[in-house]
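Novice: Here's a structure for you.
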Amino acid sequence: MSKAWGGIGIGAWADEAERADEEQAAEATAATADTQSFPSLREAAAATATSGKSRKMKKMSLSEFTTGAYTAPGGRNSVGLTQQEILQLPTGPRQRSEEEMQPGRLGGGFSSYGGRSGGRIGRDRDDSDGSWSGGGGGGGRRPYGGGFDDDRRGNQSRVSDFPQPSRADEVDDWGKEKKPLPSFDQGRQGRYSGDGGGFGGGGSGFGGGGGGGGGGLSRADDVDNWGAGKRQAPVRSSTFGSSFGDSGQEERRRLVLEPRKVESGGSETPPVVEKTSKPNPFGAARPREDVLAEKGLDWKKIDSEIEAKKGSSQTSRPTSAHSSRPSSAQSNRSESSGLNNVVKPRPKVNPFGDAKPREVLLEEQGKDWRKMDLELEHRRVDRPETEEEKMLKEEIEELRKKLEKESVAPEIKESDQEPGSNNNHNDLPEIIRGKEKDLEILTRELDDKVRFRQKPVERPGSGAGRTGTYSERTHSRAGSIDETRSFESTERPRSRGAVDAWVRPANEQRRNFQGTKERGFFSNRSSSREGW
């Protein structure tokens, strides 16, 4: 009777179940062991708190303390080498033959390439570990790095922990067993890429690769002088190793220049400039100096004449009314610039255009700008008109009326006039000018007195004689009393029909000043205003 489970025994599934349970239990114990070896911070703190008191002190030797390796009693098992292994260890360097000691011979690893030191390094590595040579026989391919990669792999195991015999000891001359190179370029390309044999065989680290004896596919063991077989223009390869041997001068093509042609004739013709297809932005135009030189003219003289004309026109034309006459500095400057052939800058444009000063415009209109300015200044001064000013204005008006009447009917006036009165009528314009000057001087003096008068600052003991200072002055001119009165009226504070503080008796003013010596002018004014 055939079994449905394919021949599996009756208790096979039970065995498998038990085996699975055992594996799970082993995994659980491993997990707990890991957690015990690496507990959390809380568990470690709790464990130290509980077991800190019950923990006993342990004795250890000085060697154990210095090395840091403590072994429990009863567990001192020897892990080091046995006595037989210790006796097999080398006591010194291996004895080399005379041929191997010569640096120029092809006996050691890379002895001819890198000198004596390079060969020694290769020999030491071959003697120390057999992993450099690709498994001892050089049969299998290994990645770049040699035996260092074997330590990282867990599947591959070494044959023995003891050092294997080096291929450098087995082979005396690597040059006899090396394979011929296919081409020069391939050997140079594979120096670092690992296909043509730079420092080793194809694919291995520094040791053998591609079979054979010692990975000796390098041209360092074959050719002593690399410059002998060098080509003129080698093909540049895209690999990394080719950039070290190639140079820019080998790849660059040599320029083939035509020989220089020198004509036998005595006169050398100027070189013909090749015309380009790009159009000239100036067309057929040429410099002004070249054109004038072809016509036989001196362009320097022409420029100096033009500059002289410009300077004369600028100096002759007045820029404003104040500078109607040409200044000597400008004329001298224009002459010197014309002589020195210095290009003068363009004349500055007047920002005001054709605008003229106010005085010039008023004179063109027949007005006296001085009288207008005086009248404007007089309006700024706030003072009443004096009697003397009124009288002078009336006299000037009467004289002007007489002058107008004489100009309207001169014949009638001449018939009515007496023979002794001709001089008076002819002198009327001069008399009017004199009166106007007197009026102008008088108004200016009065305005200056009001404008530049000293403000009266009353001091203790001096207020008695201040009231009549302007009235007690002696004036030689008629109407001076009215002038002082008008001046006093301007200085008085304008009140609304109350008693004036400036006309108070001297005793009252003294009383105000003697009240407090600390109070000044403002305190006196405040007390005087109380009666307004």
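Each Cβ is built from the backbone N, Cα and C atoms, and glycine gets one as well.
From Swiss-Prot, here are the annotated features:
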| type | residues | note |
| --- | --- | --- |
| REGION | 16-365 | region 'Disordered' |
| COMPBIAS | 26-35 | compositional bias 'Low complexity' |
| COMPBIAS | 105-120 | compositional bias 'Gly residues' |
| COMPBIAS | 132-147 | compositional bias 'Gly residues' |
| COMPBIAS | 167-180 | compositional bias 'Basic and acidic residues' |
| MOTIF | 177-184 | motif 'Nuclear localization signal 1' |
| COMPBIAS | 193-217 | compositional bias 'Gly residues' |
| MOTIF | 237-244 | motif 'Nuclear localization signal 2' |
| COMPBIAS | 249-263 | compositional bias 'Basic and acidic residues' |
| COMPBIAS | 286-310 | compositional bias 'Basic and acidic residues' |
| COMPBIAS | 315-337 | compositional bias 'Low complexity' |
| COMPBIAS | 355-365 | compositional bias 'Basic and acidic residues' |
| COMPBIAS | 401-416 | compositional bias 'Basic and acidic residues' |
| REGION | 401-434 | region 'Disordered' |
| REGION | 451-532 | region 'Disordered' |
| COMPBIAS | 472-494 | compositional bias 'Basic and acidic residues' |
| COMPBIAS | 507-520 | compositional bias 'Basic and acidic residues' |
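So that I understand the layout, could you describe where these features sit and how close they are to other parts?
Specialist: The average pLDDT computed for the motif 'Nuclear localization signal 1' (177-184) is 61.
Taken residue by residue, the compositional bias 'Basic and acidic residues' (286-310) breaks down under DSSP into 20 helix, 0 strand, 5 coil.
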Novice: Give the residue counts of the compositional bias 'Basic and acidic residues' (167-180) per reduced DSSP state, in the order helix, strand, coil.
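Specialist: For that range the per-state counts are 8 helix, 0 strand, 6 coil.
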